[in-house]
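Heads up, the thing below is written out as C-alpha cells.
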Amino acid sequence: MNVSKILVSPTVTTNVLRIFAPRLPQIGASLLVQKKWALRSKKFYRFYSEKNSGEMPPKKEADSSGKASNKSTISSIDNSQPPPPSNTNDKTKQANVAVSHAMLATREQEANKDLTSPDAQAAFYKLLLQSNYPQYVVSRFETPGIASSPECMELYMEALQRIGRHSEADAVRQNLLTASSAGAVNPSLASSSSNQSGYHGNFPSMYSPLYGSRKEPLHVVVSESTFTVVSRWVKWLLVFGILTYSFSEGFKYITENTTLLKSSEVADKSVDVAKTNVKFDDVCGCDEARAELEEIVDFLKDPTKYESLGGKLPKGVLLTGPPGTGKTLLARATAGEAGVDFFFMSGSEFDEVYVGVGAKRIRDLFAQARSRAPAIIFIDELDAIGGKRNPKDQAYAKQTLNQLLVELDGFSQTSGIIIIGATNFPEALDKALTRPGRFDKVVNVDLPDVRGRADILKHHMKKITLADNVDPTIIARGTPGLSGAELANLVNQAAVYACQKNAVSVDMSHFEWAKDKILMGAERKTMVLTDAARKATAFHEAGHAIMAKYTNGATPLYKATILPRGRALGITFQLPEMDKVDITKRECQARLDVCMGGKIAEELIYGKDNTTSGCGSDLQSATGTARAMVTQYGMSDDVGPVNLSENWESWSNKIRDIADNEVIELLKDSEERARRLLTKKNVELHRLAQGLIEYETLDAHEIEQVCKGEKLDKLKTSTNTVVEGPDSDERKDIGDDKPKIPTMLNA
C-alpha cells in the first residue's frame, strides 16, 4: 500500500468539515491525526528500507545520566535508532526484524484507519514494544485524537519505564490504581469514564482531541438558515422590549415615590372633629354670616328633612370679605357644629411646577371627601385657582380650575358633602365658578360694627385678667375699621405690655398703648433727632391738628404726636365717632384740607423754600381723594356725573385732560383754604407746636386745652435723644426771636 494515499490535504479536510458539521469534533480530530501519522509512517518506512539495505542510521546521543534522550517530536523520532537486538545470531535477528517491520507497517495502517478503537491501538503498541521501539509508543499515545484504554495506559507506562521516564510511569500507575478502586465501587461508571475520556481525562495538562485546544484549534464555518437569523433577531428585539418596558416602569415608580414628586399626592387633609372645638359661639361680630351657615349645619345633621320637601341646599358656599373678618373661623365652626370631617386646603397648594398636579390634587381631595361623607371641604384663598380665565392663557394654566368646575358639577346634591370657599377678591373669580349650581351661595363677612367689636373684645378678654376700669364698649367705639383679627391682637398686645410693666391686671392704659401701637405704629424711642427737625415736625403735626379741629366736616381728632412711629417722624390720627359707610363732598374737601395743613404750616413758619419732604405722604393721600372725587364719585362740575376710573384708557384725551385739570384745581383750592385757616389760627398753631415739643403726645382733650392756653397736669417728656443740628440748617434759628407763649407753664 502506498503511504501517500492516506495523506489528507487541507482542502479535503475543510470540505469534509463543512459536509459533516454535526460530527465535526470526532471527524475533524480523526482526520487531523491520520494526516499526522501518515507523515510519520512515510518516514518510518524510509527508515526500515535503509535498515534493510544495510545503511544504519546514526547512533542516539546519550545524556550525562547515560539514558537515551527521547523527544516526542517527529524530527527526534526520525533521527532515533532502535537499540540492537539482544540475540547473538545475526541472521535470525535480521529475519525477525524484517518480519517485524512488515507487521509494524500493517498494524500501523490498521491503527490509523481506526483511531477510535482502543484495541487496534493496543495491538500496535504491543508490536512496537516487542520491536523495542518504546519511544514511538510514548509519542503516539501522547498524540491528541488517538483512543486510549487501561490496557493502552499499561503499555504506555511500560514504554515510559524503558526510556527512563520513571516519574511519569509512577504517575500513570497511580492513576490506574485510582481508576481500579473507583471501578470496584461502581464498575459501570469507571468503565464508562475510562472509555470516554481515557488517559487524557486524568491529566489536566492534556486536552481532549475531540474539542480542540488552544494550540490546535478547530476551524469551523457555520452556515445559518433564514429561520435561525430571524429567530435571533426576534430574540434580541424581545429582550430589548422587555428591558425598555421594565426601565420605563421602574423610572415611573421611582419618580412617583421619591421625595421630589411624592408631594404631588394629596395627603389626608381631614381634621379630626373631636380635636376641633370651634363652635358658633366662638364666632362674634358676624351674626348674619353665621345665620347663613346654620342652614348648612342643619342639612348635614338631617339631610332627609330637605329631601322630603324637595329642597336643595347649595353645593358650594363662597365666603367673601376683607382679611381677618373670620371666614376660616366660620368654616371651622360649621364643621364643629355639624360634627363631620373637615378637609381644608389653600388655593396655592394645588399648583406646582409640574403640569397636571393641580388637577390631580383636586380629584384626590374630592375622592377623599366622598369616601368619608358627610364632610366639608374648605378651600382658602380660592382666587389663587379660581381666577378669571383668559383665552390667551396656556391650556395647562386652566386645568386646575376646569377640574374644580367638573367636580362641583359632579356632586350629588344629597351626597352630604359641602364645599366652602373663601376669598378677599370675589370680583377676581371666574364667572363659571360663581354661577348657580357651583358656588351659588355668596356670604359676605364684612368688618364688625361697634357692637360686633364689643362682642369680639369681650370674647377675647375672657382669657386675661382685667382691671375694674376696663370697658370693652369704650374700646370698641375707639377702634372703628378694625377687623376681628386686629382686635384679638389688640387684647394680646395689651396683656403682654401689662406683663412687661409688672402689672397685676390689664387696665385701660394698657389697651390705649396697644391701640396706639396698632393704629399709629410702634414707637421709635432710640432714634436721634436734631432740635430743628423736631421743631419742624411739631409745626407740621400742629398744622394737621388745627385743620382737623377747626374744619367743618373733618373726622374728629384722636391724637397728635411727634414721637417717631413706624416710618413717620410724627403723626396726627383721626377717629370717627361712628362707623361710616359713605362720605359726602364736604367731608372729602375736609380730608383735603387736613392733608394740606402740614405743608401750609411749614410754609407759614419756614417759608416755601424750607418745606420738608414729609409732605409727600400727605400730598399722595390728598391726590388720591381728589382723583376719586372727580373720576368715581361724580363730584366735579366740569367732568360731570361720569365714572372714569374704569377703562381710563378708553376715554378721549380731552375728557382725561379735563379730569386731570379738575383734580389739580381741587388740590389748589384746598391749599388756599388751609392757608387762610392757619393764618387765622396762627396763635393756636404756635401754642400747639410748643405743646408737642414739650409733651410729645397729646390727645384730643389735651389739644383743646393747649389751644386755649390752659395748663396741663402732665409731665414734660422727651423720649428721643435731641442734638443740636448743623449750622447749615436754615430752620435752626427760625422762630427763636418770637416770644414764648406765656400760658405754656411747666407742670
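Any Cβ shown, glycine's included, is placed from N, Cα and C.
Among ASP468, ASP471, ASP609, ASP618, the residue that Swiss-Prot places alongside HIS540, HIS544 at the Zn(2+) binding site is ASP618.
Taking the Cα of GLY326 (ATP binding site) as the reference point, the closest of the recorded positions HIS540, GLU541, HIS544, ASP618 is ASP618. Closest by Cα distance to THR325 (ATP binding site), from the recorded positions HIS540, GLU541, HIS544, ASP618, is ASP618. When Cα-Cα distances from GLY321 (ATP binding site) are compared across the recorded positions HIS540, GLU541, HIS544, ASP618, the shortest belongs to ASP618. The recorded positions recorded for this entry are HIS540, GLU541, HIS544, ASP618, and the Cα of ASP618 lies nearest to that of PRO323 (ATP binding site). A coil conformation is recorded for PRO322 (ATP binding site) in the three-state DSSP classification, outside any helix or strand. Across the structure, HIS540 (Zn(2+) binding site) and THR328 (ATP binding site) place their CA atoms 43 angstrom apart.
Taking PRO322, LYS327, THR328, ASP618 as the binding-site residues under consideration, the smallest Cα distance to GLU541 (active site) is found for ASP618.
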